[in-house]
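Visitor: Quick one: structure below, then a few questions.
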Amino acid sequence: MPGEKAEDSRPIVLIGPMAAGKSAVGQALAALLHGEYLDSDEVFVRENGAIADYFAKHGEDSFRELEAEIVARAISGQLTVSHPEAPRIISLGGGSLGSATSREVISRCHVVYLEADLATVLPRIARDTGRPMLAGDAAERWLALFDQRRPLYESVAQLTVDVRHGSPEDFALEIARALDLPGITAKDGRA
Ligand SMILES: Nc1ncnc2c1ncn2[C@@H]1O[C@H](COP(=O)(O)OP(=O)(O)O)[C@@H](O)[C@H]1O
Ligand SMILES: O=C(O)C1=C[C@@H](OP(=O)(O)O)[C@@H](O)[C@H](O)C1
Ligand SMILES: [Mg+2]
């Protein structure tokens, strides 16, 4: 019908560096859209225990293999428990795009890159947050990994959101509007 937005069942996938807010924004977006929220790290922990413990026992390569399998299962709908037509919002771990398979798998989704900087994430990573990739000098590690991974984020992003100033709810609304999702108006978020 004229003026009506077409249904679009592609999942919305949030990517970006550690502590940018992928999980927080993903949850806010799922709440806004009455959709299902999935988080690759949460699935990993449910199935394998704490990420830091897993790294210590089995190493990063083994973590990445399992992470890529989880991403594939999440995108394909194998982990979905809600109504098949409910919007799906999937937050990925910051290092998941190192996998070429995962980059390929998410190319069929709305891919939203949460772009942050060190000043924004510093208060969030200053204490131990259970992220083994930030062991040692967390700020230095974050910057080095961001430098290395930024081209990957940029290469797959269909929408980039600057998350330096605002709340997860602000960014959720910004994403919903930018993707022109059914049920969202420019004014207040819901049709
Ligand atoms: N926009 C925001 N403003 C304030 N705090 C935030 C914001 N986004 C995330 N946070 C907080 O920062 C921390 C890291 O966020 P998280 O969503 O886990 O990041 P990611 O999943 O990208 O690693 C959490 O404690 C979260 O509540
Ligand atoms: O960037 C990374 O290599 C990692 C990011 C983490 O997820 P967040 O980006 O949600 O912190 C988690 O997957 C793991 O600790 C490794
Ligand atoms: Mg997260």
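Positions of Cβ are set from backbone N, Cα and C atoms, glycine also.
Taken from TrEMBL, the feature ATP binding site covers Ala19, Ala20, Gly21, Lys22, Ser23, Ala24, Arg131. According to TrEMBL, the Mg(2+) binding site annotation covers Ser23. What TrEMBL records for Asp41, Arg64, Gly94, Arg149 is substrate binding site.
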Visitor: Pick from Ala19, Ala20, Ala24: which of these binding-site residues has the biggest number of other Cβ atoms within 10 Å of its Cβ?
Guide: Ala20
Visitor: If you measure C-alpha to C-alpha, which of Ala20, Gly21, Ser23, Arg131 (binding-site residues) come within 10 angstroms of Asp41 (substrate binding site)?
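Guide: Cα filter at 10 Å returns Ser23.
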Visitor: Give me the count of other Cβ atoms within 10 A of the Cβ belonging to Gly94 (substrate binding site).
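Guide: Neighbour count, Cβ to Cβ under the 10 Å cut-off: 24.
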Visitor: Given the binding-site residues Ala19, Gly21, Lys22, Asp41, Arg149, return the subset with CB under 6 A from an atom of ligand 3, ordered by sequence, or none if empty.
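Guide: Lys22, Asp41, in sequence order.
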Visitor: Around ligand 1, within a Cβ distance of under 6 Å, which of the binding-site residues Ala20, Ala24, Asp41, Arg64, Arg131, Arg149 show up?
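Guide: Close enough to ligand 1 are Ala20, Ala24.
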Visitor: Cβ distance under 8 Å to Arg131 (ATP binding site), same chain, sequence separation 6 or more: which residues?
Guide: Met18, Ala19, Ile51, Ala52, Ile125, Ala138
Visitor: Out of Ala20, Arg64, Arg131, Arg149, which binding-site residues lie by ligand 2, with a C-beta less than 6 Å from some atom of it?
Guide: Arg131
Visitor: Please report how many Å separate the Cα atom of Gly94 (substrate binding site) from that of Lys22 (ATP binding site), as a whole number.
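Guide: Gly94 (substrate binding site) and Lys22 (ATP binding site) have their Cα atoms 9 Å apart.
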Visitor: Can you check which residues sit near Arg149 (substrate binding site), meaning Cβ under 8 Å from its Cβ, same chain, 6 or more apart in sequence, and list them in order?
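Guide: Counting only residues 6 or more apart in sequence, the Cβ neighbours of Arg149 (substrate binding site) under 8 Å are Pro17, Gly94, Gly95, Leu97, Gly98.
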Visitor: For the binding-site residues Gly21, Lys22, Asp41, Arg64, which Cβ has the most other Cβ atoms within 10 Å, all shown protein chains included?
Guide: Lys22
Visitor: Cβ within 8 Å of the ATP site's Cβ centroid: which residues qualify beyond Ala19, Ala20, Gly21, Lys22, Ser23, Ala24, Arg131?
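Guide: Result: Gly16, Met18, Val25, Ser91, Gly94, Leu114, Val121, Arg124.
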Visitor: Report, in whole Å, the straight Cα-to-Cα distance of Arg64 (substrate binding site) from Ala20 (ATP binding site).
Guide: 20
